[in-house]
Amino acid sequence: MKREHHYLHPRPEPPSVATGSNRESYLNTGKAKLWEEEVQLDGGMDELLAVLGYKVKSSDMAEVAQKLEQLEEAMCQVQDTGLSHLAFDTVHYNPSDLSTWVESMLTELHPPPTSHLDDSSFLAPAESSTIANVDYEPQLQTSSRIFEESSSSDYDLKAITDSAIYSPRESKRLKASESDTDVFSTSAIGASNFATRPVVLVDSQENGIQLVHALMVCAEAVQQNNLNLAEALVKRIDYLAVSQAGAMRKVATFFAEALARRIYRLCPENPLDRSVLDMLQMHFYESCPYLKFAHFTANQAILEAFEGKKRVHVIDFSMNQGIQWPALIQALALRPSGPPTFRLTGIGPPAPDNSDYLQDVGWKLVKFAETLHVEFEYRGFVANSLADLDASMLELRPSEVESVVVNSVFELHQLLARPGAIEKVLSVVKQMKPEIVTVVEQEANHNGPVFVERFTESLHYYSTLFDSLECSPNSQDKMMSEMYLGKQICNVVACEGADRVERHETLTQWRTRLSSAGFDPIHLGSNAFKQASILLALFGSGEGYRVEENEGSLMLGWHTRPLIATSAWKPGNNPVVAH
């Protein structure tokens, strides 16, 4: 199928890089601003340094370069004595004024003759670069939070509010550590012939706030078609991400890549090979409970719908490797009344190499069903899109003979890329007269028309997902799962039009769509909730996962943020009124 590539139409470049008092930044110090109001690029300031937040006139470049050389020489000269005299009580104001700031550093590096250098007074090593789950107030508190390395999975980007991003912050002091004697005493034994090297303090908390702010400003620049500014910010994001650890660094790197692809219009034209996608999804399945929860809750609803039925037929919109169905086959085999005849129709896209992967999956399921003495029929159905399906293609039998169930896990949102596609598919599903329709979707709104809002929502959502992955004990599964999610991030941020298929919507939005199409909700029973809770309890390192019931649907989230939702539906008796 031929695909079209759509991109946002360029918008007029704004008169300034940023306007309004609410754009005050955290970059560098409290009185420094990332972007001064009404910045004029031709006002004598060096443009590249201005983008990074430094005010340097082009005419002063030679003088600043000379001072930087002097600063480097001074730093080398104090290696034997350390930096204990540096900035005990001195506040360095406005480092955006690069010339004055470097000059103040030079002054600090030449202490008075009477100053006493204490061997134990070194700058403290940097704390963990992970930003913890902190509720930032509009004004940052004077006492900084200390972030331990063990809390790398506690970071929740959602906790960083817009007011925290743009409000002014108090000036910081650069202080020496009080415990450096213990830190360096062991290394001094037997190594006294080596000169003590100055320790550079990396404020990971500060950089983390700058990183979030740079991501947001870059998204705004992209939306305003200010691509020069956006390009410079992407480079800064990469620089700031290096100082972070764990989920924060990984999320920022994926979003920076996606922003760069959008800036340079490099949206991936060809999807990954089907085998690669299946491999990544399998690692995602193993590393965290999201897919397990999706399959388990859907299977529980299907099992209850099949109670007492002799012949059952599942139409799966998300066949992939068929990992959902062995558990259902086993549950049907254990029915007190005996297993029914089970027919499965698996639907999937064509493979790039034209291999019949759906048939291979079917053979594995047939062999598995034989071991459990379940009469099993399988048919694989290849379709470029679910919108290409017609009920007549599926060899449906009368409802008196065979009970039909339709299952969709993370598939329906892709139909939103094509106008009218979701309405057509839901109409076809209704023609199938299913006993139940199980739907699992991401609990997020990544389908809004405004790019900045979509970017912000996806940044919050995937930050939480990556945070939960930090609990995965298997590093290979975790790495592959991050690649799996990174592909989604790239599609949400970098692509537009028909190419943007990761159009996730919330449970509330899906309720509106399905109700408008003539479906009534089915409440998932309390048994499904209890069983899902047991599943999470058995999942290793799963203390942060939470199951909650929402008006008959079940949600799985990380701490307080729901991430996926399972709902069940049946065709309503009332006819759909066309609007």
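Every residue gets a Cβ built from N, Cα and C, even glycine.
Model, not experiment: these values are computed from the prediction.
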Of 102-106, 132-136, 312-316, 437-441, the range Swiss-Prot tags as motif 'VHIID' is 312-316
Taking the region 'Leucine repeat I (LRI)' (209-263) as reference, the highest number of CB pairs under 8 angstroms among 281-346, 360-392, 404-491 goes to 404-491
Its residues classified by DSSP, the region 'PFYRE' (404-491) shows 53 helix, 13 strand, 22 coil
